[in-house]
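Summarising the annotation, TrEMBL assigns domain 'Casparian strip membrane protein' to 26-175. Sequence annotations record features per position, and here TrEMBL assigns transmembrane segment to 33-52, 73-90, 166-188.
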Amino acid sequence: MSYLGVGVSPGNVPVYHGTNLKVIDRRVRVAELVLRCLICGLSVLAAVLVGTDTQIKEIFTIQKRARFTDMKALVFLVAANGITAAYSLVQGVRCVVGMGRGSVLFSKPLALAIFSGDQALAYLNLAAVGAAAQSAAFAKLGQTKLQWMVICNMYGKFCNQVGEGIAVSLLVSICMVGLSCISAFGLFRLYGSNKAKNNSGW
């Protein structure tokens, strides 16, 4: 019994009806759309920063050009950001179309596919940032035991721009983790609603 004298029974337990579900879904989709647009923009920025980075250094009358293709980890980083930007653009269009139609995502296979895609991209970005950061550390600090020289002493501008690209890619990874949480909520709320319906039938 509550303090108002109203007992808890199947007839007065609050339930989420279709209107409330649409309100919640719309708020989630707005947050999802903002994150996807942010991720798309940051991914393009990171790919441009690293992909267009170049510097020419003259060593004993020989010109040596530093490019991102000289380090496989940076190639991986640019590819990961390109994939993330394209994926976020497609998913962003899906969000805009869904919000325009006012439809609620009830399809479990679609929700599972979105969740799986977001998870995969989050892991991909984290792996790319980790590999690029390790390579950048070797270029910045060198490795005396392996006789790896410090590259950034000769290519300072190149290293600085790569560092900016890695920092932006780290922001992309953080946003992808947050987006994965939103897609997880979108998936598991469908199973929660079914469970609530089953319990209400007793």
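Each Cβ is built from the backbone N, Cα and C atoms, and glycine gets one as well.
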Sequence-distant contacts of the transmembrane segment (33-52), meaning Cβ under 8 Å and at least 6 residues beyond its ends, amount to 68, 74, 77-78, 81-82, 84-85, 88-89, 91-92, 95-96, 99, 132, 161-162, 164-166, 168-169, 171-172, 175-176, 178-179, 182
Tertiary contacts of the transmembrane segment (166-188) (same chain, 6+ residues out, Cβ under 8 Å): 25, 28, 31-32, 35-36, 38-39, 42-43, 45-46, 49-50, 77, 80-81, 84, 105, 108, 111-112, 114-115, 118-119, 121-122, 125-126, 128-129, 132-133, 136
